Amino acid sequence: AAPCFCSGKPGRGDLWILRGTCPGGYGYTSNCYKWPNICCYPH
């Protein structure tokens, strides 16, 4: 996944293209929506 950044969060997240939700199984704990993609934290 491409790197992405959410304001107020340390480090970087994974950018998932054209997704409205973060996929399970990666240990993501938070996310921010960047239409039409989503940024899932932590990387």
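Glycine is no exception: its Cβ is also placed from the backbone N, Cα and C atoms.
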Pick out which of Cys39, Cys40 Swiss-Prot lists as the disulfide partner of Cys4. Cys39
Of the candidates Cys22, Cys32, the one Swiss-Prot records in a disulfide with Cys6 is Cys32
Using Cα coordinates, what distance in whole Å links Cys4 (disulfide bond) and Cys32 (disulfide bond)? 10
Local backbone state of Cys4 (disulfide bond), from DSSP in three classes: strand
